[in-house]
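Just below is one structure, and these are the notes that go with it.
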Amino acid sequence: MDDGGVSKAVAVVACAAMALFYVAILYAPTLILRLPPPPSFKNFMIRRFICAAISSVVSVVISALLLPMKSREASSLLGVYGIRMDHIWQAVIFPLTLTALMYGGSLVLKSLLLMSALRERMNFGGGLSFDNIKSFSEEIVACSRSIASDVLVWRTYVVAPLTEELVFRACMLPLLLCGGFQKSTVIFLCPIFFSLAHLNHLKDVYSKQNYNLTKAFLAIGLQLGYTVVFGSYASFLFIQTGHFLAPSVAHAFCNFMGLPVLVSRGKGIVSVASVAGIVGFLWLLFPMTRPELYNDRTDNCVCWQGYCSGN
């Protein structure tokens with residue numbers, strides 16, 4: 001790093017500020033701007049989408065001002081955040097396949113339940129007739145339309161993965177790396193900010209646990225542990241690939257699958273699939289995240305995109 005580089009203290013303070021702002025701005029419309037409550041849940045979520053977008057833009061601006069980049073051109077800036085048009089299929093397929101291995105048991109269980117539902121439908125619906133196929137197709141179309149218009153679907157699989165990965169990975173990781181932290185340290189440090197940003201769910205969890213403080217803290221502890229583990233994995237993906245899409249698709253997939261299923265009563269194949277998936281994940285983790293798979297060039301720069309001095 002040159003003399004205008006980022007110090008460790010500045011990097012950590014900036015990351016903490018971005019994490020705090022990401023959560024605080026969600027409550028700004030009612031607590032600070034004194035806006036009236038939204039008339040519907042959909043409007044409430046859209047308001048939060050706007051807040052998340054504003055927080056993301058602010059984080060991008062803050063990190064851009066602090067990072068010691070040689071060029072301030074748009075292409076260079078976007079490259080720092082891993083927003084690129086090259087190696088897209090690699091950044092989607094490889095991380096998605098790798099992440100799916102961790103859910104081997106869950107995927108097998110879902111497949112078994114789906115086949116059971118289809119078998120029951122055929123037994124009580126007259127078999128594999130044209131009318132049944134047509135009815136099933138119409139249900140799929142109707143379900144797809146319902147999902148596409150569901151604001152919670154947009155929050156869970158689009159807005160949350162994109163904004164959280166932009167703030168907690170694309171903006172924070174370059175700062176921490178340029179601050180002089182080692183990659184191994186950053187992989188476990190960055191998720192701490194990510195997990196702390198989820199503490200705002202404590203009130204909701206407290207009410208869901210019938211206002212039992214012990215159960216609420218246990219639930220939050222489990223959630224924080226999961227976010228730290230996933231955050232470390234997402235940080236690893238971003239550092240290895242230098243591509244914003246890699247952790248984003250993994251994030252969306254994990255949100256869809258939830259916690260991995262390791263065992264299921266009466267279904268030993270689920271446990272076998274879980275073990276096989278975990279072994280496959282560990283075996284392929286480094287081969288499928290080699291930087292050369294996602295970049296035309298690699299160098300010895302501290303930051304994978306080559307924007308620090310010394311490259």
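Glycine residues also receive a Cβ, built from the backbone N, Cα and C atoms like all the rest.
Those TrEMBL annotations? Automatic predictions, nothing curated.
The feature domain 'CAAX prenyl protease 2/Lysostaphin resistance protein A-like' is assigned by TrEMBL to 152-257.
Beyond the transmembrane segment (6-28), the same-chain residues lying 6 or more positions past its ends with a Cβ under 8 Å from any Cβ of the stretch are 48, 51-52, 54-55, 58-59, 62-63, 66-68, 163-164, 167-168, 171-172, 175-176, 178-181, 190, 193-194, 196-197, 199-200. Marked as transmembrane segment by TrEMBL: 6-28 (among others).
Residues annotated as transmembrane segment in TrEMBL: 49-68 (among others).
Nonlocal intrachain contacts for the transmembrane segment (88-113), taken as residues 6+ away from its ends with a CB within less than 8 angstroms of a stretch CB, comprise 233, 237, 241, 243-247, 249-250, 253-254, 257-258, 260-264, 267, 269-271, 273-278, 280-281, 284-285, 288-289, 293-294. TrEMBL lists 88-113 (among others) with the feature transmembrane segment.
Here TrEMBL flags 175-196 (among others) as transmembrane segment. With a cut-off of 8 Å between Cβ atoms, the residues of this chain six or more beyond the transmembrane segment (175-196) that come close are 1, 5-8, 10-12, 14-16, 18-19, 63, 66-68, 164, 168-169, 224, 227-232, 234-236, 239, 302-303, 308.
Summarising the annotation, TrEMBL assigns transmembrane segment to 216-239 (among others).
The annotation transmembrane segment is assigned in TrEMBL to 244-263 (among others).
Annotation comment: TrEMBL describes 269-286 (among others) as transmembrane segment. If you look at the transmembrane segment (269-286), the same-chain residues 6 or more away from its ends with a CB under 8 A from one of its CBs are 98, 100-105, 107-109, 112, 260-263.
Each residue of the domain 'CAAX prenyl protease 2/Lysostaphin resistance protein A-like' (152-257) gets a DSSP state, and the totals for helix, strand and coil are 93 helix, 0 strand, 13 coil.
Within the chain, the transmembrane segment (49-68) has long-range Cβ neighbours (under 8 A, six or more residues past its boundaries) at 1-2, 4-6, 10-11, 14, 17-18, 21-22, 25-26, 28-29, 77, 80-81, 154-155, 159-160, 162-163, 166-167, 170-172, 174-175, 178, 307-309.
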